[in-house]
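In what follows, a single structure is set out as structure tokens and then discussed.
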Amino acid sequence: MAAERGARRLLGTSSFWLCCLLLLGRRAPGAAAARSGSPPQSPGSGVRTFTPFYFLVEPVDTLSSRGSSVILNCSAYSEPSPKIEWKKDGTFLNLVSDDRRQLLPDGSLFITNVVHAKHNKPDEGYYQCVATVENLGTIVSRTAKLIVASLPRFASQPEPSSVYAGNSAVLNCEVNADLVPFVRWEQNRQPLLLDDRVIKLPSGTLVISNVTERDGGLYRCVVESGGPPKYSDEAELKVLPDPEVTSNLVFLKQPSSLVRVIGQSAVLPCVALGLPTPTIRWMKNEEALDTESSERLVLLAGGSLEISDVTEDDAGTYFCIADNGNETIEAQAELTVQAQPEFLKQPTNIYAHESMDIIFECEVTGKPAPTVKWVKNGDMVIPSDYFKIVKEHNLQVLGLVKSDEGFYQCIAENDVGNAQAGAQLIILEHAPATTGPLPSAPRDVVASLVSTRFIKLTWRTPASDPHGDNLTYSVFYTKEGIARERVENTSHPGEMQVTIQNLMPATVYIFRVMAQNKHGSGESSAPLRVETQPEVQLPGPAPNIRAYATSPTSITVTWETPLSGNGEIQNYKLYYMEKGTDKEQDVDVSSHSHTINGLKKYTEYSFRVVAYNKHGPGVSTQDVAVRTLSDVPSAAPQNLSLEVRNSKSIMIHWQPPPPATQNGQITGYKIRYRKASRKSDVTETLVTGTQLSQLIEGLDRGTEYNFRVAALTINGTGPATDWLSAETFESDLDETRVPDVPSSLHVRPLVTSIVVSWTPPENQNIVVRGYAIGYGIGSPHAQTIKVDYKQRYYTIENLDPSSHYVITLKAFNNVGEGIPLYESAVTRPHTDTSEVDLFVINAPYTPVPDPTPMMPPVGVQASILSHDTIRITWADNSLPKHQKITDSRYYTVRWKTNIPANTKYKNANATTLSYLVTGLKANTLYEFSVMVTKGRRSSTWSMTAHGTTFELVPTSPPKDVTVVSKEGKPRTIIVNWQPPSEANGKITGYIIYYSTDVNAEIHDWVIEPVVGNRLTHQIQELTLDTPYYFKIQARNSKGMGPMSEAVQFRTPKASGSAGKGSRLPDLGSDYKPPMSGSNSPHGSPTSPLDSNMLLVIIVSVGVITIVVVVIIAVFCTRRTTSHQKKKRAACKSVNGSHKYKGNSKDVKPPDLWIHHERLELKPIDKSPDPNPIMTDTPIPRNSQDITPVDNSMDSNIHQRRNSYRGHESEDSMSTLAGRRGMRPKMMMPFDSQPPQQSIRNTPSTDTMPASSSQTCCTDHQDPEGATSSSYLASSQEEDSGQSLPTAHVRPSHPLKSFAVPAIPPPGPPTYDPTLPSTPLLSQQALNHHLHSVKTASIGTLGRSRPPMPVVVPSAPDVQETTRMLEDSESSYEPDELTKEMAHLEGLMKDLNAITTA
């Protein structure tokens, strides 16, 4: 029976070898197709279309008056509808918390009650509409200026005058230009009607022609600009009778030079006085103007000329000629006509691929000539080496990358106005390759010609297509260290050279070449590093560079032509940088001066100039530094506080405005204060220097005052703080000592709170600035709360039920705290629900009268309900005990968050004692307070309550995901990213997903967890020259956020092959050294035989093998049992003594040596499947991921490993071999060594017992890296205890194989056995070429054979295996078994040679 079991075992092994070979034969064609096929098509892929996204209405310049309402129109079109936001002076407006500004449904901005004061002009400025569509882009509108009419001031007023009847009269009333539309005239304090004879000039001046007696009277002009009307002085106009005598001609009003915009009207005033009455005529550029027949030229009263609908042709010099027959006088004025920017050519939408160069064209006209700037998705495009302004206005983008996609806008601006036009850029994915072979990498890429500005590259055709007549090529190049890559394509098929122009001298560039055929792009060549030649024929530095500030936001720079120009200077590049930063900007200039606008106020900048000739940039000048001019501060002082000193003085403290808003040296502060009771006069006090406090004296007793402070520079006064109130004392109190003890203290305990009320000290002559409440369980010193001196009650919250609290109350002032007053209370138990109110109004011992003003609400609590909702509850001590509201009072709840710092309060009204605040941000701290209003009385704001909303899963993915290769380790990459913009909580970790197939299901991607808030991670042991896709997902305590978009990264190629003593780069754990050196162009071993022929050979050899095994099995069953007895006797003799261990001549050993320590000694899972198929098992990333084994034998294993290593030339099992131990159902003993290792050889000292009983008494040896189990150890000990007491049994790895303990033969060098752990992706990538098979070594003594692929079946348990081997060897003589096995070995040798060829 034992012989039959051994025969069946050999038969089963052969069957598995045959199955493995058949699988190899069937999968080989599929693997070849995958290697040569096209990349997978993404489902549903198609060309993306441009999205219509534009403004329907844009805001226009608007003139308004103080106190009025203004609408700035804006409407944008897109699908889906865009989100509209507004910018003022370049900063986004927070319209959510703005009381006066609100966003209308169509996107327009509505401003109510326009505010405008001398030093506070929050509404005047430049407004811009910003439209955004999520995942599409952003566009900005033209900039509109909102002008608020200033306070009326008369530059000139009417003066008394006399005029003869029939002549013209002029009454001056000149105001600011923005007030002219609000000027009207009165005669004898009655509105004056205007007509053809009586007109008002654009300046406000009144002209009356052909004066009659009824025109006499008192005249005054009136300005009505939103406030009360402002009247000028009255002037009397006397009309004199015609004296009928001549008088000299004089001009009452002469024309002045004028600037108008196309389409506007222009009035050139001209009024002359004389007798006889003069006539007025006009000339332009010495040509008479016909005002009678022209529809656009009109002669107004007095002789003024009005030109309506001005055109560019109207520009010129105009002459006003007055003639009365006796004499002629003339005056002249220049009319300048300007034009708003207008587009002659607008940018157009562009499709492009990565690495391409594109140009957005933008041609504009206007007068003065407009300046052009470019905006991408609402952000300014700063010119650089890859974003360039060419041909004055066009934008060139070099070396496109995916992030360049979006909306680009050309914004033209001059002194008259501005306009914008935009276009969309879509970066297309490269078309997927069709099915068919792709070209390999071009060969021998060299730089055949290297100059200062260009490099010529040549190459040979790919090895896969030696002729290459139909191949086209793309050359990708970039500066060393720059991520952007540009591309240059060959001009026609078959061309194998290209010249790259417009390079920089003495600069290193990286080149690579890629071939394309009709199926798609092939492999890229290895990067070629080339440095351009230095250039000497360049301009020198521009001399006499000077910079001076022209305004708080502009600086003008001038220079001269370089002395050593080395040819004609084509243009200059002006570089400038803010001091303290490292971000340098540049602008192209064609002249010797340029003004930089839009700079920060009172900020130092450095400038330098580089001249360009036909060879490129020259030597830079030295930096010159200059500071922009100062301006009034743009922010108010900070942290204003008031301290009442006595009945007649208040001390004010403040801090300067933020440094970025001071806009110059602060020269002082202006303090304004007034009484709060009524609209009293405002008193101003100036504080010079850097003083940050001021004592205001001479105030009234017991009076509330409002204070505000503004900062000063030499340019004027900045914005003031909000009004802050404080009330002087009724009498001069003493603050030389601490206050007396409060006169009473009452406490009222509730379940989780205690209501404390008190009365002030009896001695009212000592200053009390507040009260300090201390409380705690058993001691009042655990917690301390300070309240205002006006407060008479306080509710202590968040206490423990049924607890004894001690409470202390002390009054304090600036000297210190007074004598405490003590009280104790026991909070009620949870079960006490008789009274749960927080009110002391009806308590007999806490009488709180109805105050004026009303008492603020108490006990304000914030209860967190969700990530965006908080419930606010409070109590009102002015209500009855049952807290029912029976009158018309209402409550105002206000809340805000301190991030950002300038967030304003939001308000809501409620008529109950609670309010639900919704729409809050997740994981954000808010503060809340409540105020009660009844009729015209209101309370102060209550004590604030704070609440932090719950966290929410991140609602945006991690940003800016980048993947780079680690220098010096091509198989290791570094992934970097930024946190999500909407984290909604503390980020506790990230998960990195990566795969070689971007379209794979997400559960098929490899997961790499990152714990904590790290923003970088390394992934090791990736496959070389393989594209990977990476996604990142953030998590917080609430869960996982969305994944980022997939980022592709191709690992670099191997830099060279491994030499002796080193491992081959990027070899999979199942790699087997090929028998010959023939490899396909892709590096995968191929068979020279036809696949069908190979299949026939495999089947034939398999059938022969089966027949041979069957014959052996039949032969074995007929053996007598006499040989078994001999074997058992031999075993017993060995067990009895060690003296025979070294005697090898007792019995000749068989050629097939079986090492017991390599047998599977674990329990077997009996599979019901009669044909087990080997399946892939997930492989851990590193050795630490392997399930730990019994540690009881660690020291023994370690000791034996060390002794064993000395005989193995430091051979050890690879990490991946260690991983195979996790496959519990693969019980067939097989080689534990990695395929890269040479066959392990046992030294002669371990092979001494060469008897036929070797199968039962051989030492069990364990290679390094083997693991063990407790069952294995016990099984071996039990077995050896029965048959082999002296055997050294080592714990065996679950997966072992036969090995040949032969003398080390000469062979190829062994590779480094210490292979690192290989990630799953690396395994999958190699499985196309190197199938995961197990190997067994079979050979004769002193001879090694290459490994043979086998399929691993389940092995019998250890006792059965041992008996099987004993019975097998006991049944046959060594010579007979050797002959049979030698025959079988010959067959297997031929079979193995075929499969490994």
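For all residues, glycine too, the Cβ spot is worked out from N, Cα and C.
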Among ranges 934-960, 1123-1149, whichever one TrEMBL labels region 'Disordered': 1123-1149
Segment-segment contact (the domain 'Ig-like' (52-145); the domain 'Fibronectin type-III' (541-631)) at 3 or more Cβ pairs under 8 Å: no
Local confidence of the domain 'Fibronectin type-III' (636-731) - pLDDT mean: 88
Residue distribution over DSSP helix, strand and coil in the domain 'Fibronectin type-III' (636-731): 4 helix, 50 strand, 42 coil
DSSP helix/strand/coil residue counts for the domain 'Ig-like' (341-426): 3 helix, 50 strand, 33 coil
